[in-house]
Amino acid sequence: MSSTPPLSKATGYGVVVGLGFLFAFGMMLTTFVLRRYNNELQTSEAFSTAGRTVKSGLVSSAVVSSWTWAATLLQSSSVSYKYGVSGPFWYASGATVQVILFATLAIELKRKAPNAHTFLEAIRARYGPATHGVYIVFGLMTNILVTAMLLTGGSAVVTSLTGVPTAAACFLLPIGVVLYTMFGGIKATFLTDYVHTVMILIIIFLFAFTAYATSSVLGSPGVVYDKLVAAAERHPVAGNAQGSYLTMRSQEGVVFFVINLVGNFGTVFCDNGYYNKAIAASPVHALPGYISGGLSWFAIPWLAATTMGLSALALEDNPVFPTYPNRMATADVTAGLVLPQAAVALLGTGGAAATLLLIFMAVTSAMSAELIAVSSIWTYDIYQTYINPDASGRRLIYMSHTSCVVYAIIMASFSTGLYYAGISMGYLYLMMGVIISGAVLPASLTLLWDRQSWAAATFSPPLALLCSLIAWLVTASKEGGSLSVTNTGANNPMLAGNVVALLAPCIFIPILSFAPGLRKPKYDWLSMKLIRKGDDSDMAAAAHLDLELVPGQSTQSDHEEQMEQHQLQRAAKIARYMTLFLTLALLVLWPFPMYGSGYIFSKKFFTGWVSVGILWLFCSSLCVGVYPLWEGRHTSSRTIKAIFLDVTGRRKPVMHGRATIAETADVEDKNDEKKGVDTPPEIPVTGKM
């Protein structure tokens, strides 16, 4: 950025700290309202699963918000700046199909492990503790990489726009997120995700209409087109058709597309946060929530990068651009500073403020999902499984809260270390697939294939990781001559490592599943159904509330369970066909005819391209902005009416506030004497191959 940040340090601290506390206060108020008027007691089950009752509208907005990282906006704009119009599409299509394909896995998890809190519980139920430990490591590595990307990218933007020290930003950004996540659990992430998503959409619309309609320096797709043609004449793009920024034929762009595609399989299929949202969704809403969320998300990086990345290219030779008369430094592009540069050029300090707000929303919304994911792993997969199997609901809540705080402190420290080591968000984004994608296939086949053996599930991920590290570092050393941050961060080494990580299990799994002595009978899926819910009877009794009244805690009849399984089986069939069609459309049918032809966009075609992006974002706004309000209209009206009657003194709600620690402890002591009447004891599960 320019030597003088466009915003003051006070503004930076005000947004990072002030907005964080504002969201925390709003979530505390919301939690109080839900508990007072809707019987939503904050039990351990509610903290991790929201009672498994969330509808498709909120699921969609949560998927969009969780998948809208800082990298979604910053990295997509950077690849647009480097490769032209192909960059935003390669980014969007290469990261949308994973969410759409994940819908199939979400349905299978709800079918086969209906009481699970994490996908790791299902792995333990099938394969036992050793395999469970392997996937805990890969799950936590995924969460660590994603959170590090959020904090390194977010802090870089905060520093460039306001001058707030990067280390301070790394530690301050998580504060508000930790507070509202602790108070509201996963329900907090769904509700704040909705607010974050709406604000992100509004700001992207602001940027798009400024660049393509109202700006005095640009103002129309035609002007942007002319300036991109001129930019290609000044500095043609190596590997692009005719060196143009206005073509889908981009060799380096396709390399990035493959890296992006492979790496994002790991960050979706190995991230417990996405399974958390699938678990929290009610059975009939998981599939439409993930499909509509994935399609709605596509427009965000596509339009944001088509607007801001191309605007940066178009305005580099204009005095309004912060680095004029120089081009952006490569380090700044890799750090994700293209979007803030373009925003300042288009809107001045207003653009800087909008970018700061945009990135704050992207970082905090995605980080809340990571906090819930890590707290679920610690609480249910480590603490309750191996340390205290008889833990009460109060104890599980305490562990969840503690893990949120500890994880935030560790990640703030780690991200600060990465900054001083010269590791940027762009480097982490390209590297993540090398580290975690080896677990994608075996984790997915745990829910999809009954013939995968214990050996295949246990050894495939670490073997794939070993192979990917060798491929990555050997390629970097051979091409660059040494192992430096620059050489290991180049496209070809990252491509080699990512592809090997994802595809190596294709060799290991069949060998380890069918080799003599390793082949096992078909798995019957029964041990997954034995996973039990947490015992929250102590908290419900202390709060003077019948546990059956708490959303998601009532016991299902056999008929209701059969109906739910029927709905999930039907959804599973629909998911397979729909995900296959959408994947082919986004990855093959749309982009590759344009790539193969080497077509250079005409001015009319570019105008249409931009118009489709804006129209798609309008559809996304209806899906994740308006529809959740419509879907929740009855609950909202009932709650507002109850608040009005309560405030005016006409009718008081049944009081069942959160139990105090003393009340909960008393009930817990009484329950110890009953020897577990309310919840059956856990049945030890021996892994069936």
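Positions of Cβ are set from backbone N, Cα and C atoms, glycine also.
Just so you know, TrEMBL annotations never went through curation; they're auto-generated.
In TrEMBL, the annotation transmembrane segment applies to 456-475, one of the ranges 296-315, 456-475. Ranked by the number of CB pairs under 8 Å to the transmembrane segment (194-213), the listed stretches 163-182, 254-274, 335-363 are led by 335-363. As a quick check, the transmembrane segment (574-593) and the transmembrane segment (335-363) miss the bar of 3 or more Cβ pairs under 8 A, pairs 6 or more apart, so the two do not touch. The transmembrane segment (427-449) makes no contact with the transmembrane segment (605-630), as judged by fewer than three Cβ pairs under 8 Å among residues 6 or more apart in sequence. By number of Cβ pairs under 8 Å, the transmembrane segment (12-34) is matched best by 163-182 from the list 163-182, 254-274, 456-475, 605-630. Per-stretch counts of Cβ pairs under 8 Å to the transmembrane segment (254-274) identify 89-109 as the leading one among 89-109, 130-151, 335-363, 456-475. When each of the listed stretches 89-109, 130-151, 163-182, 335-363, 605-630 is scored by C-beta pairs under 8 angstroms to the transmembrane segment (456-475), 130-151 comes out highest.
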